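Pulled from Swiss-Prot:
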BINDING   S243, T382  Mg(2+) binding site
COMPBIAS  7-17  compositional bias 'Basic and acidic residues'
COMPBIAS  28-43  compositional bias 'Basic and acidic residues'
COMPBIAS  52-66  compositional bias 'Low complexity'
COMPBIAS  67-85  compositional bias 'Polar residues'
COMPBIAS  91-139  compositional bias 'Low complexity'
DOMAIN    228-554  domain 'G-alpha'
LIPID     G2  N-myristoyl glycine
LIPID     C4  S-palmitoyl cysteine
REGION    231-244  region 'G1 motif'
REGION    374-382  region 'G2 motif'
REGION    398-407  region 'G3 motif'
REGION    467-474  region 'G4 motif'
Amino acid sequence: MGLCASKDSRESTHDGGPRVNRPGANDANRRNDVRKGAGDKKQDKKNKKAKGSIVNAASNINNSSSGKTKISTVSEDGTVSNGVGNTAEYDNANNKNNGNNNNSNNNDNNNNNNNNIGNNINGNNNNDSENIHDSNNSNIENKRYFNNINTGVLNGVNGNSTNSDKALSNQFDQSNNSETHSGTMTGISQALALNDSGVNGFDTDLAKRNGTVNASGGQSPGGSETVNALKVLLLGSGESGKSTVLQQLKILHQNGFSREELLEYKPFIFDNIIETGKDLAKARRTFNVQLEEDAEISESDLDELLSQQYQPTKLPCLPADLAKTLKILWNLQSTQDLLVSEHRSSFYLMDSASYFYENLDRISEPKYIPTITDVIRTRKKTSGIFDTMIDLDKNLKLHFFDVGGQRSERKKWIHCFDNVTLIIFCVSLSEYDQTLLEDNSQNRLEESLILFDSVVNSRWFARSSVVLFLNKIDIFAEKLRHVPLEKYFPDYTGGKDINKAAKYILWRFVQLNRANLNIYPHVTQATDTSNIKLVFAAIKETILENSLKDSGVL
């Protein structure tokens with residue numbers, strides 16, 4: 001179920017990004033293939049074999065011998081859209097067209113999609129249309145770039161008025177029910193689900209091959225099938241969004257957070273806010289930013305902020321005087337100017353800083369209880385290994401292992417490496433201009449590339465599939481306007497085009513796949529529950545497809 005690119009196409013030249021294949025083909029045929037005779041099944045299996053697949057973001061595509069591809073994409077209303085299309089390759093460095101794969105229809109679509117980003121990572125042959133587009137030709141100004149999801153919850157890149165964080169927070173806080181996203185994702189489950197017999201058959205077969213059902217394939221005394229969990233590793237460098245993904249799955253599949261669990265995050269939220277204030281004060285000193293004459297705080301206030309050793313775990317609430325100082329500091333024009341200055345890449349500030357400071361009045365209230373969105377936005381360093389069992393449905397259980405991403409934590413991963421079915425590797429797209437906290441001489445994105453290289457080419461993962469989350473696309477889109485990607489990666493030539501930039505980074509990771517593992521890339525925003533719901537619906541389809549292939553059905 002993957003966009004299966006040959007090794008030659010993956011290593012070709014690029015215009016701001018890698019070569020990939022355009023999606024096409026009718027997904028309904030895949031469902032019908034299951035019902036074909038034995039002879040047809042064998043022929044289908046031959047036509048669909050491919051190594052080193054790069055699987056399209058929210059859809060899963062396979063090359064056939066004829067150069068066509070199969071795709072099932074999710075449309076805006078939550079249904080699966082089908083179609084047949086030619087395999088497309090990326091343009092080369094001179095933006096030359098590949099005439100064999102271009103036709104007038106493709107050119108029309110490419111012209112319409114020139115500024116589109118959707119849930120599919122695709123390459124177009126038109127020299128002006130290197131982009132990541134969705135199946136509905138959504139415009140980047142009006143639609144979120146990574147999904148075909150209703151804009152009732154999600155904002156456009158250029159600042160639509162809807163506040164998605166507030167909307168999600170209100171929905172979850174009022175109902176604690178992940179299914180009520182103002183109609184968002186309606187029909188996704190139905191669209192992506194097979195009939196009961198297909199799902200049951202798949203899960204039994206997959207579980208048997210992985211030793212996850214009893215030897216006879218029997219059922220538990222209660223009549224339900226005994227299915228253990230498939231092992232899934234959440235890997236990636238520090239602050240790439242691994243733990244946030246796990247939090248979203250808890251919201252979607254474990255009824256969210258109890259009041260007690262929400263309260264456990266208070267000290268971490270307080271710590272995030274206080275440390276952000278200290279980071280800002282340090283940055284102002286480093287770059288000699290003077291306070292305004294009419295500022296309501298003084299340098300001595302900043303001295304006190306930097307010298308105080310706060311213990312968030314012992315704070316029942318955020319002290320009023322501290323909250324006032326932090327709010328004034330954040331709202332200073334000189335501070336806001338610093339955040340968009342040429343110095344921004346030279347100092348650390350957590351991704352959710354603006355979110356917490358915009359909500360500082362609420363958070364500093366004496367009876368403050370964190371919201372779901374507060375929890376998702378919280379930076380909480382993972383130390384050691386944490387495991388969580390997630391039921392994607394009644395017959396598919398995933399055992400997630402979340403491990404620390406900092407260098408000091410990586411040596412602990414070895415204990416999780418046996419019998420791994422799936423690796424979810426998280427990359428923060430927005431970290432291209434940042435350095436490691438533990439080594440300020442090492443670029444974070446380069447570090448992620450090194451780590452990804454060691455993972456995909458490790459003998460431990462020779463039989464594993466890799467899901468690549470290109471995360472924090474929202475922050476990446478905003479940062480790209482002000483911080484040139486080519487400043488840190490000189491071989492990138494796509495300028496401020498977010499489509500080319502995202503594909504370039506994907507290309508850098510794909511080039512490291514010497515072991516020819518199947519790679520399934522997804523453009524994600526881990527803080528967005530609806531986005532993660534869609535992505536994991538696609539991942540469920542990926543597991544299903546792989547199971548059917550392994551069993552010889554496809």
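Note that Cβ sites are derived from N, Cα and C of the backbone, with glycine treated the same way.
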Within 10 Å of the Cβ of T382 (Mg(2+) binding site), how many other Cβ atoms can you find? Include all protein chains, please. 18
State the three-class DSSP label for T382 (Mg(2+) binding site), counting H, G and I as helix, E and B as strand, and everything else as coil. coil
Spatial neighbours of the region 'G4 motif' (467-474) far in sequence, C-beta under 8 Å, 6+ residues away: 117, 145-146, 157, 236, 240-241, 245, 351, 422-431, 452, 502, 505-506, 509, 519-528, 535, 539, 542
Averaging the pLDDT values of the region 'G3 motif' (398-407) gives 78
Per DSSP, to which secondary structure element type does S243 (Mg(2+) binding site) belong, with helix, strand and coil as the options? helix
Report the DSSP secondary-structure composition of the region 'G4 motif' (467-474) as helix, strand and coil residue counts. 2 helix, 5 strand, 1 coil
